[in-house]
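This report refers to the structure that appears directly beneath it.
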Amino acid sequence: MGCKMNAAVSIWRRLSLFVLVSSLCSCPCRAEDSAMENIVTEKKAEESHRQDSADLLVFILLLTLTILTIWLFKHRRFRFLHETGLAMIYGLLVGVVLRYAIHVPSDMNNVTLSCNVNASPATLLVNVSGKFYEYTLKGEISANDVDDIQDNEMLRKVTFDPEVFFNILLPPIIFHAGYSLKQRHFFRNLGSILAYAFVGTVVSCFIIGLFMYGCVMLMKQIGHMGGDFFFTDCLFFGAIVSATDPVTVLAIFNELQVDADLYALLFGESVLNDAVAVVLSSSIVAYQPEGDNTHTFEAMAMLKSFGIFLGVFSGSFALGVATGVVTALISFNFTKLRDFPLLETALFFLMSWSTFLLAEACGFTGVVAVLFCGMTQAHYTFNNLSPESQDRTKQLFELLNFLAENFIFSYMGLTLFTFHNHVFNPIFIVGAFLAVFLGRAVNIYPLSFLLNLGRRNKISSNFQHMMMFAGLRGAMTFALSIRDTATYARQMMFSTTLLVVFFTVWICGGGTTQMLSCQKIRSIGPDGVERRSTKHESAWFFRIWYNFDHNYLKPILTHSGPPLNATLPACCGPLARCLTSPQAYENEEQLKDSDSDLILNDGDITLSYGDVTVSTDAAGAHTSGTPVGGVAVNSDEALDRELAFGDHELVIRGTRLVLPMDDSEPPLPLDSHRHRHKNETMS
């Protein structure tokens, strides 16, 4: 027994010594392996950094080439192709080169392993020889594309995360749309703009969705459908392609000085219907009937989605307006940031951008919030900025809008060849084009007919044809379609959406000048057409809002309104002095309200031309002075005739404004006008 114990101890000692020696011998080897791994990792990181820099350089060169070509086009007055269409062409060319001409092989050490899991985790930890490595999910790929992805590393690098578009590129575009909005023409046509943006977008969504559902059923019947495609998917497609972006047409309108009301209708509709399309698409995604089949119709689920639409839109609207008001009230009105323009501009920029992120973090829609934040900032905060900051903010957001928009259009062209999950179906594509134009027609023509029943200034047929033609799709449609490409249906939507955007930007955008000539829509000068500005052009609601805003909100939120002690009752004197800024008293004498030509109220208007004076009293009745020759003139006729010729002077609350009128007929000399006026009256 003792011999056996001694033998066991001897064997254990020898084994322990062997393990110790082996471990001592293997330590230098393991250290060397670890050092080599660190060197390889550093080299890979350096190569990845160089690759990323090269990819960004590609987009910078694209934008540079686009800018230089834009200058050449403007120099040659070439209007057949807008800068966005040009950026798409350059993106297409670069995409072809990256796809077929440049071959960047991936690391030979890449390994494809199979592992059965029930779901695709967003983050994957891999144990490699005792070391854990973290991998993030890039998205689903088909089995046929595995080798292709491994063979070209650059194609993966130039594919951006869709959240980059929503959180970085979209906010400056949407904010600039609200910040640069011409409020006078926008509010003068606000009723029509709201009808096109809300009612028209919803109607267009359902028309396109129903039409595409018919195409999908046809594809299923003939066996051309490779995956699931439900009615809710068709409605989602209708929502995203109902977002118009006539940036090409509006740029040509601005350059040619086309009718201001037509510009306001198109621009206002595109700004608001982008917001409506975003909320509408999210409401369709939120449609969840009870039971196993989540794609059946259920009234309660539909009402819930409608409630989500109203709640998200109203919440986003309130958040955007509240942020703009807080910016005007706290950040600028009660601080001395005006003395530091750089800090003032930086704070303005950060608070504007944070509106988008705050809305997204709260479960609302950042597009709606930042849009109305921009409109509120332009109406209130802009008046509080120093002159240097006013110029800086305008130029800053104009620059960001230009770069972001052209970057997105360049990326559109690039993704046609670099995106690996395209699904092109001829029947779906043809049906999408027909559905888009049908939805646009149902949006414009019936609504215009109904709106003309209550409009004093009718939307003419040539304006309607131009609005129908100008329904381009752009950045918002692309951003909504690329945000989710995980399923077969979403991949087909994305591929078709690209073709729709290409066609509308190149064909419709390029034919804008010819369409204007065909419809006989002429240029009208630098300030647009200032038609008859009577009290009938402003609805009672907006006249009430203007008075409330001018007398109470602007004095509180800006330095440009009248002092509150002049508008509030005498008993509120202490409160008025507390809420009114000292600058408001200083600016009282030279006050000029930028919105004074927006709303014309009874009792505030006096029109003077020659020896004829036309005014309105508090009851709305017109009184007219006696013209030369002592011939009496009916007040309504005098008002219409005096507004029909040349420039006139408009006196509003003691402020004398000279407004250019319709220049379709040149202004007559004073004597000839008197002679003509006298002859017309006597006849």
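In case you wondered, yes, glycine gets a Cβ from its N, Cα and C as well.
Listed in TrEMBL for this protein:
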- 1-31: signal peptide (SIGNAL)
- 55-73: transmembrane segment (TRANSMEM)
- 66-517: domain 'Cation/H+ exchanger transmembrane' (DOMAIN)
- 85-102: transmembrane segment (TRANSMEM)
- 164-181: transmembrane segment (TRANSMEM)
- 193-219: transmembrane segment (TRANSMEM)
- 308-334: transmembrane segment (TRANSMEM)
- 346-375: transmembrane segment (TRANSMEM)
- 396-417: transmembrane segment (TRANSMEM)
- 423-442: transmembrane segment (TRANSMEM)
- 494-513: transmembrane segment (TRANSMEM)
- 660-683: region 'Disordered' (REGION)
- 673-683: compositional bias 'Basic residues' (COMPBIAS)
Could you check whether the transmembrane segment (193-219) packs against the transmembrane segment (396-417) - three or more CB pairs closer than 8 Å, residues at least 6 apart in sequence?
no
Looking only at residues six or more beyond either end of the transmembrane segment (346-375), which have a C-beta under 8 A from one in the stretch?
166-167, 170-172, 174-179, 181, 183, 271-272, 274-275, 278-279, 282, 312-313, 315-317, 319-321, 323-324, 327, 331, 337, 381, 385, 389, 393, 396, 476
Cβ pairs under 8 Å only, please: of the recorded stretches 85-102, 396-417, 423-442, which one is richest in them relative to the transmembrane segment (164-181)?
396-417
Report the listed stretch (85-102, 308-334, 423-442) having the maximum count of Cβ pairs within less than 8 Å of the transmembrane segment (396-417).
85-102
